[in-house]
Amino acid sequence: MGRRWGFLIGFVGAVWLLGSGRGGQQSPETAAQRCFCQVSGYLDDCTCDVETIDRFNNYRLFPRLQKLLESDYFRYYKVNLKRPCPFWNDINQCGRRDCAVKPCQSDEVPDGIKSASYKYSEVANNLIEECEQAERLGAVDESLSEETQKAVLQWTKHDDSSDSFCEADDIQSPDAEYVDLLLNPERYTGYKGPDAWKIWNVIYEENCFKPQTIKRPLNPLASSQGKSEENTFYSWLEGLCVEKRAFYRLISGLHASINVHLSARYLLQETWLEKKWGHNITEFQQRFDGILTEGEGPRRLKNLYFLYLIELRALSKVVPFFERPDFQLFTGNKVQDAENKMLLLEILHEIKSFPLHFDENSFFAGDKKEANKLKEDFRLHFRNISRIMDCVGCFKCRLWGKLQIQGLGTALKILFSEKLIANMPESGPSYEFHLTRQEIVSLFNAFGRISTSVKELENFRNLLQNIH
């Protein structure tokens with residue numbers, strides 16, 4: 001009896017020693033720790049922490065946002081996927097079936113969306129349609145009413161203004177088609193290698209304020225780098241003004257978010273009868289594991305959270321635009337349109353209640369002349385990135401790239417239009433600040449993609465918990 005008790009006490013003691021790290025080597029890190037242990041606490045340039053975002057997004061926002069994005073107003077997006085690449089001619093088009101996009105037939109899109117009745121109320125929209133028709137003719141017809149002539153000039157002034165961060169598609173073009181986003185989901189298509197790397201390389205190397213002498217970590221198109229070059233890159237990045245540093249982090253965050261989507265909806269198995277899509281743990285680790293990416297993966301994930309905060313802040317700022325009685329999510333179905341507007345406002349008020357919003361007042365502060373020049377550089381660099389999306393060789397990747405870049409560009413437009421939003425009329429067209437349906441659909445779908453990424457990180461964290 002005594003020997004058995006002695007053995008038991010010795011066994012328990014050994015277990016305790018091992019667990020406390022005193023009995024020899026500690027158990028190795030789990031895969032979850034390697035990906036996520038550095039993705040916690042406060043984010044750089046922010047007063048918000050990752051854990052607060054996770055709780056807010058995953059339990060209060062994500063379910064309702066997904067419901068809204070499944071509605072007709074938000075699922076149909078008009079896009080021109082046939083625009084030529086403005087930068088180079090040798091585009092290798094992806095021939096895989098999963099790269100293809102299936103456009104909508106004309107009778108599949110609600111009439112209210114096709115009729116362009118989405119900007120304001122039905123009464124106000126009659127004026128706007130008349131204006132836009134006159135604008136397409138290239139002049140203000142003197143036979144139009146004085147009110148309509150004024151509106152035409154105001155719309156022209158707006159379209160020529162410098163508040164746009166994206167080069168938007170001409171949705172009047174014969175090549176522009178409606179796409180059902182629910183039937184063409186963002187997921188792994190097999191588009192990878194040098195062609196895909198070239199897109200991101202041009203974005204980072206030529207549009208993120210980076211001099212050629214500074215080498216970006218883990219650039220697949222560059223020769224291998226040492227630790228000193230990586231340190232040089234981050235020393236350079238930390239030495240930038242907050243605006244240029246934020247620009248890089250937004251692009252890095254978007255890149256990370258897209259990689260999360262591709263890892264979460266990966267083609268795991270294909271037979272003649274069906275395709276099985278799901279979480280590819282290995283793919284996720286290759287992109288975000290701290291060891292496999294030499295510490296770069298966790299940085300990318302923190303930039304994803306930074307992007308989340310920027311778009312969340314923009315949505316909180318634009319609430320007055322959507323609260324106006326004249327604004328409708330117009331599809332032609334009055335009951336559903338009213339219900340969806342109520343859901344939209346619920347979501348926006350939930351977003352407004354977030355306790356740790358990003359403070360954008362630090363952007364473009366200081367000397368007014370220098371601030372304005374920096375803002376214009378910021379805007380032009382981003383517009384250039386929106387043009388690069390026409391060079392993507394996978395049509396489904398091009399679709400989601402264009403949508404998410406336009407969504408982020410719309411968020412930036414909102415953040416830098418605070419005074420215009422504050423001065424909007426309570427009813428009728430807002431000439432100084434307005435959002436087209438394209439901008440609205442891209443804004444919410446882009447944020448929906450980032451919200452989904454944050455939710456998927458929780459799923460990957462659980463899947464990796466017991467893997468070493």
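Residue numbering: from 1, along the chain as shown.
Backbone N, Cα and C define each Cβ position, glycine as well.
Annotations in TrEMBL come from automatic prediction, not curation.
Here is what TrEMBL records for this protein:
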- 1-23: signal peptide (SIGNAL)
- Cys94-Cys99: disulfide bond (DISULFID)
- Arg187, Thr189, Trp200, Ser252, His255, Arg287: FAD binding site (BINDING)
- Cys394-Cys397: disulfide bond (DISULFID)
- Cys394: active site, nucleophile (ACT_SITE)
- Cys397: active site (ACT_SITE)
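Within the same chain, the residues at least 6 positions away from Arg187 (FAD binding site) whose Cβ sits under 8 Å from its Cβ are Asp98, His261, Leu262, Arg265, Tyr266, Leu267, Trp277, listed in sequence order. Each residue contributes its Cα atom, and for His255 (FAD binding site) and Cys94 (disulfide bond) those atoms are 20 Å apart.
Here the candidates are the disulfide-bonded residues Cys94, Cys99, Cys394, Cys397, and by Cα distance the one nearest Thr189 (FAD binding site) turns out to be Cys99.
Between the listed disulfide-bonded residues, namely Cys99, Cys394, the fewest other CB atoms within 10 angstroms of a CB are found at Cys99. Checked against Cys394 (disulfide bond) by C-alpha proximity, the binding-site residues Trp200, Ser252, Arg287 yield Trp200 as the nearest.
Taking only the Cα positions, the spacing between Ser252 (FAD binding site) and Cys397 (disulfide bond) is 17 angstrom.
If you compare Cα positions, Cys94 (disulfide bond) sits closest to Cys397 out of the recorded positions Trp200, Arg287, Cys397.
The binding-site residues under consideration are Thr189, Ser252. Their Cβ neighbour counts within 10 Å are lowest for Thr189. The recorded positions recorded for this entry are Cys99, Trp200, Arg287, and the Cα of Cys99 lies nearest to that of Cys397 (disulfide bond).
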